[in-house]
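Participant: What TrEMBL shows for this protein is this:
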| type | residues | note |
| --- | --- | --- |
| DOMAIN | 107-329 | domain 'MacB-like periplasmic core' |
| DOMAIN | 375-491 | domain 'ABC3 transporter permease C-terminal' |
| DOMAIN | 757-871 | domain 'ABC3 transporter permease C-terminal' |
| TRANSMEM | 108-131 | transmembrane segment |
| TRANSMEM | 368-389 | transmembrane segment |
| TRANSMEM | 416-442 | transmembrane segment |
| TRANSMEM | 462-487 | transmembrane segment |
| TRANSMEM | 516-537 | transmembrane segment |
| TRANSMEM | 754-778 | transmembrane segment |
| TRANSMEM | 806-825 | transmembrane segment |
| TRANSMEM | 837-860 | transmembrane segment |
Amino acid sequence: MKNLGQNTQQPPKFASKLFHWFCGSAMVEDLYGDMEEIYFSNLEIYGKSKANRLFWKQVLSLIFSYALKSRKANAAYSYRASSISPALLYNFFKVSIRTLIRHRSFSVINILGLSLGMSICLLSITMFYSLRQFDLFHVKKDRIFTINTLVINNQVNDKFATTAPYVHDHLKSYTNQIEEVVGINDGFSGEVKINQNTLPISGMYVPPAFLKIFTFPLLAGNESTALQQPFSIILTEKTALRLFGHTQVIGNPIELAHKGTFQVTGIMKDYPGASHMQFESLVSYSTLAAIEPGLNKRFEDYRFYTNSYTYLLLNEGTTLDQIQTPLDQIAQELSNQDETIELNLQPVTNIAAGENINYSIGPSFDRLTMAFFILLTLIILAPACFNYANLSMARALKRSKEIGMRKVVGGGRRDIFIQFIFETFIITSIALVGAIYIFTIIREEYLSMIIGAEMLDLSINLQVMIAFVGFAVFTSLLAGIIPATYFSKMKAISSLKGGGKAGVLFKSKLRNGLTVFQFCLSTFFIFGAIAMISQYYHSMNYDKGFDEKGKVILPLHGIEPEIIAHEYSNFPEVSEIAFSSGIPGTGSNNEVWVQTYQVEDSIAVHQMFVDNSFLDLMDFKLVQGHSFIENLNQESEIQIIVNQTFAQSMALPENEILDKTFELPNELTARVIGVVDDFNHLPVMKQIQPFFFRYDPSQFSFATLKVDTQNVFETATKFEQKWETLNDLIPYEFTFLEDKLNAMYDQLKNPIKMFGFLSFLAVSIACLGLLGMVVFTMENKVKEIGIRKVMGASVPQLTRHLSRGFLKLMLLALMITIPLAYAFYEFMLQQIIFYNRTIGLMEILSSILILSLLGSITVFSQTIKSAKLNPVDNLRYE
């Protein structure tokens, strides 16, 4: 009889599948075996084409035959029913547990790899769940929408979360569609003076209807009248306790520097953290016009949309199309030949997890970022699942007889498939426990890397746990589908003869490709972590255009600058003192719109208020003109000192900028008296913008002290003792400017930590996968190793021979990844850090060294062990 296992020609696949599908539960192995014998006989006599036609003819004739119908009717059992019987599942459970215990080392590798891969996926699951809870506490959430503005002109093509007050003023007439329209402004901030002490406070300007739309209940006060009068303020419960120590403060006055005296008209219950609005207080919207008389004129300009937001409460039954029509009409009125305006609605529940929009209130966790993070977690998980598949298939020789026996006693493909999927689920369930443990360890560190993490709740509740279990089922299918499919297709005879070996070895190219992919992934993350570390130290040591060494920053917190200057200048450690409204290099300066006759439109310019000593103390380079004059009278003339970029933005040569005048808001005029060399008034991640210094002591918020740094601890102690005599309510802040600037680059630490953690996961999973493949290869080469050793091969020779293939795969991964990683991170750093460091040879060599070291340790730990085995034991093994 012909050895069918050696014949390379097989019957038509589709005809075979059609036959088995139609037969269903009927036992037709004997019929199909006879059909195969006839097919091979016809193949030798007539050739492949005619043999295929005759096989199709047999299949079609049997499908409609009485014999097959009888077999199906008299089937001994229902195949589908037997596949899901509790007894069978219990048997699978016992066999799975025994297999895990019998192969402990492989079980540990699988569980550890899956735990590492699943742990970061649990982070994405909990974060996604947390984001979906934002703003769900509002009772009318389904009818609340905000309006976004899309601006398209020659300079801008972007979407803003803000809208001009012009928009919500015009929408108030659409009462058929809209129940309430509110415009809010999030620009409220200041320092509260209470009992001669000063405390910071922030919030939003809102109209009375704000409390009708949103669910922010008051503990005290009248919701209808609390925000009607100017200079009315509602405090959150937490803010009231911070300012007064209790919440019984209705009617109490609050004095804010440069803004006036406010009256507390309400105490709000602390709102849930899952809110896109984050505020300490609500101030009546009518206060804006009282504080800034020129604001109403700017409100008439449709382009004035900074800090201004519009929210709608739609009437019951109103569709989005009904409200979009008036929005399109308003947008058309605002548009002109040079600029196009579009207005779009966004549900309040989609703001936190929606698209990334400029000027969004609160931190934004946009969909693109979340999708990228989820994709990244799946990229980490996939190698762990493939490692499980590889290691499972590597054990095929050990389990082929078990599979053969199951098929001999009546087990079908589906039984075998379910068995291995069930076994995978048990392993992933154990791995899930380990992943949850790792998740609890890394959760806090992960939150520390996210802006606005205080708004997120990554705790585990019932819904999250259900999602975890569902994820474990998904991982079971992802990890177990390949081995389950492979084992279920094994023939009973070839399984009993140990025929699984050929099938596994046939897929060696797939395994090698997977190994290369894992090391490519590891190299990519290692390269990124090293590149980020190099950029971090480059940013800290970058020449920012001023001298930050030996400078102490002291917030004034309402204390008069003259008092600070008098008290702290008496310390021998202090050589100079200067005052300013912000801190250079940190971006702590506001913007102002400047208009000039040389330029058709206004431009945004950063400004900082300083005294006449500040430029000399900070060692700014004055390239033209002179510094400010002490006790300058700003009422007669506003003098400014600009940077070189300011002159360029005004289309003026640098040597012609002196004595030029420019229009500022509130009909003020400023004259240039000096030009300083460009310096990084923003962090080095951002490009230098137009900037000028102004002299105005009423705006000072910080004192900068030039100190002797020989005995820092003693100096700090003296400064703190002096501060307690001036303001004992606010803790003293002893901060060196150099440390303050370095803290600005802590945001670079977050990607460093992230890439470092991803590198750890990727390298660990890759090394575990490599370890499994090395063990698998050593088990399949035990006879070869024994013969080579008997023939005189030494341990070093055997080690080189056994390791060569794996080291080649690592080299291939490095050759593929290094150029790609270099191009990617070079481009990425240019996008996020304007004054970046070019990636050099150090980053490349470090990445190669780290990966080579880890991979070599993994490979040599097993190859040396195998090479040292007694050849007698090796030959006896098979």
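Placed from the backbone N, Cα and C atoms, the Cβ positions cover glycine too.
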Participant: I'm a bit unsure how to read this: which one of 416-442, 462-487, 516-537, 806-825, 837-860 has the highest number of Cβ pairs shorter than 8 Å with the transmembrane segment (368-389)?
Facilitator: 462-487
Participant: Tally Cβ pairs under 8 Å between the transmembrane segment (806-825) and each listed stretch (416-442, 516-537, 754-778, 837-860), then give the stretch with the top tally.
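Facilitator: Most Cβ pairs under 8 Å with the transmembrane segment (806-825) come from 516-537.
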Participant: Mind tallying the domain 'ABC3 transporter permease C-terminal' (757-871) by DSSP state, helix then strand then coil?
Facilitator: 99 helix, 0 strand, 16 coil
Participant: Using DSSP, break the domain 'ABC3 transporter permease C-terminal' (375-491) down into helix, strand and coil residues and give each count.
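Facilitator: Helix/strand/coil tally for the domain 'ABC3 transporter permease C-terminal' (375-491): 99 helix, 0 strand, 18 coil.
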